[in-house]
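Enquirer: This is the structure I want to talk about, given as C-alpha cells.
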Amino acid sequence: RFTSAFSPVAFSLGLLLVMATAFPTPGPVGGESQADATSNRPPLTSPDKMEEFIKYILGKISALRKEMCDKYNKCEDSKEALAENNLRLPKLAEKDGCFQSGFNQETCLTRITTGLLEFQIHLKYIQANYEGNKEDANSVYISTKLLVQMLMKKVKSQDEVTTPDPTTDTSLQAILKAQDKWLKHTTIHLILRSLEDFLQFSLRAVRIM
C-alpha cells in the first residue's frame with residue numbers, strides 16, 4: 001500500500017503507467033519502480049480480461065462505500081431516492097441488450113461504454129471532493145477511464161458511442177460544487193452506489209459475451 005509520502009498526483013501517475021503497460025502507446029513510457037507494486041494498482045490486463053478488471057474497480061468502490069458508511073453514516077437510505085433521480089445517473093435497461101433475455105452484444109457494449117462515459121462527470125466530482133481515501137477515489141476514476149478504452153476496442157460501431165456534451169459537464173459541475181457538506185456526502189454515496197450497480201450488471205453481461 002502507498003505510504004503517506006505519496007501524493008494523490010503521484011498515485012495517479014503511477015496508475016497511468018500501469019495503464020500504459022496494459023495498452024502500449026505510440027511513444028516511449030517510463031517504467032515503474034518496484035515500490036509502486038501495490039494493491040492499489042489494477043491488474044495488468046488485456047481486453048479479454050475485462051471481467052477481472054471490472055471486479056478490481058468494484059472492490060475499490062466497495063472500500064469507498066464502506067468508508068462513507070463508517071465515517072459519515074452514509075449507508076443505504078431509501079429517502080435519498082429523490083436526490084438520485086435529480087442526478088440522472090446511468091442505468092442499464094432491458095432495451096440495452098445486456099440482460100440474458102434479449103442479449104445483444106454490440107448494443108450492450110455500446111450502452112455500457114456510453115454509460116461509463118456519462119459516469120466520468122460524476123467521478124470527476126468525487127475525485128475533487130472526496131475527503132476520505134484519495135488513492136481509492138483516484139483509482140476508481142482512472143480505472144473507469146481505462147475500462148472505457150478496453151470496451152472501445154470491442155465496439156464495432158464506435159460512432160454509436162455517445163460522448164457527453166461538454167456544456168452538460170460544466171453545468172453539472174457547477175451545480176454539484178454549490179452543494180453543502182451533507183448533500184456532497186449524499187451525492188458521493190449515490191454516485192458510488194449507482195456505479196456499483198451499473199458495473200455489476202456490466203459484469204454479468206461480459207460473462208456471457
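Quick reminder: no glycine exception, Cβ is built from N, Cα and C everywhere.
Pasting the relevant annotations from Swiss-Prot:
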type     : residues : note
DISULFID : C69-C75  : disulfide bond
DISULFID : C98-C108 : disulfide bond
MOD_RES  : S78      : phosphoserine
REGION   : 28-47    : region 'Disordered'
SIGNAL   : 1-26     : signal peptide
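Quick one: how deep are these features, and who are their neighbours?
Expert: C75 (disulfide bond) carries neither a helix nor a strand DSSP state and counts as coil.
Long-range Cβ proximity for C108 (disulfide bond), meaning a same-chain Cβ under 8 A and a gap of 6 or more residues, is found for D96, G97, C98, A205, M209. The secondary structure of C108 (disulfide bond), as reduced to three states from DSSP, is helical.
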Enquirer: Does C69 (disulfide bond) have same-chain partners at least 6 apart in sequence with Cβ under 8 Å from its own Cβ, and which are they?
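Expert: C75 - these are the non-local Cβ neighbours of C69 (disulfide bond), listed in sequence order.
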Enquirer: Taking DSSP three-state, what's C69 (disulfide bond) in: helix, strand or coil?
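Expert: Reduced to three states, the DSSP call for C69 (disulfide bond) is helix.
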Enquirer: Which one of the disulfide-bonded residues (C75, C98) has its C-beta surrounded by the most other C-beta atoms within 10 angstroms?
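Expert: Highest number of other Cβ atoms within 10 Å: C98.
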